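Remarks on the structure that follows.
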Amino acid sequence: MEGEELKESKKFLTDSRRVTTSHIAIRPTKEDNGKKLVCRAQNPRLSESALEDSWKLNVQYKPEISVKLRSNDQGHEVQEGANIYLDCNINANPQYRELQWMFDDHRLFPGPENGIEIHGLTLMIKNLTREHEGDYYCVAENSVGKGQSNNIHLVVLFSPICASRQKTIYGVGKHENVEISCELTAQPPEVEFRWRFNTSGNIDSFQSNRTTSIATLSLKSKYDYGILYCWGENSIGVQKEPCIFHIIPAARPDPVTNCSIENQTEKSFMVVCSSGDDGGLIQQFHLEVFIKNSQALLVNHTSLDQPVFEVSDLPPGSPLRITVYASNTKGKSPAVLLETRTLLSAEKHTGNVLPLFISPLLAILLGIIIVLVTLAVIILIIVKRRRTRLQQGVALDSSNGQKSNEQIKSIDDQPEPEDKCPDVVPPRNLTPGTEFDDMVMNPAIKMADLGNQRIYENLRIERDRTYENVIAQQEFLPNQEELMYSVLSLPETKTQLVRNTDVEHTEYANIDHQRSHNLRSCPGMETEEELDGYSVETPLMNSLKSDRRGGRTDRKRPVVSTVV
């Protein structure tokens, strides 16, 4: 192999066939991959009788990987804000299928949000920050197995910053000493500290140990309270933002307020209060339960967050005295006293034992709502009754014909308006009878309101109601002196008139539009010129003109009502 002779492990000779066979056993490594293995045979009795055969080795193995930080004189320490490159070297047969970069056992993906870029076998990190500090390695896999590289622990060097979750508010009483602890995070951790007060307060002394420093203060007056600043510096640079500590006056906490007893039973209850001012320090709450008029302590509870207590395992029906107070390092608050008793078995119930209280504003709102609902109900009742009456007046039955006649007559007998120039003259000289009864409304005609409307719909006018027939009747008195007028009262509502198509003859007046521009006098007050010049030609006017020409001037001019 590669010019080096290997020892055979077994050989034998077959005389019958004159064949010699040789075997060799080797254990190739990944370094033997691609080497040439040669088998050579030669008859020592014959010159130039050597024959040989060769075989190129193909040794397969899982990937062998290594990671290296490119060109860094400080080893694996890189200053914050720099750009770094990590190279992954892979040796594998057959070729690897996929390469993965890992950071603290989590796979890295390229993206601008984390500043990661991957180009082939190189990992690039731009603008290095403290979050990039940790272990990096790469992983590859082929058909033989998976290979993993060595770890590179990347150390990011940065200037000091304030540590998280440290106390920043200190409550201190007058003439008291207090120690303020300032903790920083830095790389390298060798830090020099500086302290400064924003008031006239003085820092007595401070001690530092790498990234921690403790300052001692003595507050003598109210002017010594204020804000204390702390910052550090290492080989990378000075801290950009200092740590801030508030020094405030401290006192005992205020008492709790708005205490109530809820969910009271025969053996338990709950006390709920509201916390007061903590006095500048962390406070905690306490509850003590005594037998009333006795010093026997039954329960002693402490709450670290809220003044809410649940008390159980109490004797039934016992009068109790409850004390609730708060405390901090400066002392206790004034206590709040409550009195109650556990319920007997017959009185067992749950819920708030406070009396029901309704505010005046709520009572006023309830009263307004009740009044509005009552008014709405009354309005609905009135509207419904009016609608019922209207429907009853419209739906007239044919059996009420006699009542309708009386109502119509009562309308006709109403006093006439003081109008000296009537437009329509009704037939008041007719004698009531069967013919007049025909003028009543047909039962099919609808009358909305007889008291308000005087329009008759669907009047049936018979042929004998013409002017000639009216004159021929005996009841007509041409010499009657009385002038009778009729007023046509139109309703406010729109009502559709229905003409009776049974009337065969309808007489109309001929109107002379040319002669009607001048105003005429009322009937009975005309001049001689007006008597001969009526603009409306009717049979009655023609009769009057004929009588005047014939010399019949002794008869008084009648006024005849016409049917509308």
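For all residues, glycine too, the Cβ spot is worked out from N, Cα and C.
As recorded in TrEMBL, the features of this protein are as follows:
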type     : residues : note
COMPBIAS : 397-408  : compositional bias 'Polar residues'
COMPBIAS : 409-422  : compositional bias 'Basic and acidic residues'
COMPBIAS : 545-557  : compositional bias 'Basic and acidic residues'
DOMAIN   : 63-153   : domain 'Ig-like'
DOMAIN   : 160-230  : domain 'Ig-like'
DOMAIN   : 255-346  : domain 'Fibronectin type-III'
REGION   : 397-425  : region 'Disordered'
REGION   : 540-564  : region 'Disordered'
- For the domain 'Ig-like' (63-153), what does DSSP give as the number of helix, strand and coil residues? 3 helix, 50 strand, 38 coil
- DSSP helix/strand/coil residue counts for the domain 'Ig-like' (160-230): 3 helix, 45 strand, 23 coil
- Task: Kindly report the helix/strand/coil residue split of the domain 'Fibronectin type-III' (255-346) according to DSSP, in that order.
- Result: 2 helix, 49 strand, 41 coil
- So what pLDDT does the domain 'Ig-like' (63-153) average out to? 90
